[in-house]
Amino acid sequence: RALRLAGGRSHCEGRVELEQEGTWGTVCDDGWDIPDADVVCRQLQCGHAVRAHGKATFGRGHGPILRDEVGCEGHERDLWECPAAPEHDCSHKEDAGVVCSEHQEWRLSGGRDGCAGRVEVFFRGTWSTVCNSTWYETEAMVLCRTLGCGDALQRLSFRHTLPGKMVYMCESLEPSLAQCRWTFNKSAPCYQSWAAGVICNGTGS
């Protein structure tokens, strides 16, 4: 009854893949919706579903198509408990995917390109700013590399104008900020902080 997400930017985003008798397969997007995606996110301890994707958004999978016309109500413990069609008429171009609330993605906004500007994080269904109270060289470097923007050149400060605030603390150059210590919407570390920004030395699209 193993389940995983593939082709996303974290283990909480991607194409839904199930294991049956040692073989990994995919789920068809016919009838795929938020209650179905919710069951997947909860099963992976990734919070709740923010988006339910179809049409192989995260690339086409391989192997058998194991579920079609999935009809979860949203409270089921795992995807196999949900009713589904016994036969399918799908191809891998219809592979289902999800984005869960615990997935984090980042962007730099307001700069000359995607490699400079204010740091914004998509988390729990909304875009938030990042407090600069613990935004040092290591954190800036991790983000620039995650975005494919080279190394951090300069740190900037902006105003907080989005509803949420995130704090990151990296001990070392982790593969992404999600693997550093982080807290969301805790007032103390953000008290009197500015929103973090960065200029990376690479150029973005």
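Placed from the backbone N, Cα and C atoms, the Cβ positions cover glycine too.
Pulled from TrEMBL:
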type	residues	note
DOMAIN	3-101	domain 'SRCR'
DISULFID	Cys72-Cys82	disulfide bond
DOMAIN	106-201	domain 'SRCR'
DISULFID	Cys170-Cys180	disulfide bond
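Proximity of Cys180 (disulfide bond) to non-local residues of its own chain (separation of 6 or more, Cβ distance below 8 Å) is seen for Glu139, Val142, Tyr168, Met169, Cys170, Glu171, Glu174, given in sequence order. The average pLDDT the prediction assigns to the domain 'SRCR' (106-201) is 94. For the disulfide-bonded residues shown (Cys72, Cys82, Cys170), fewest C-beta neighbours within 10 angstroms: Cys82. According to DSSP, the secondary structure content of the domain 'SRCR' (106-201) in residues is 20 helix, 42 strand, 34 coil.
DSSP states for the domain 'SRCR' (3-101), grouped as helix (H, G, I), strand (E, B) and coil, give 16 helix, 32 strand, 51 coil.
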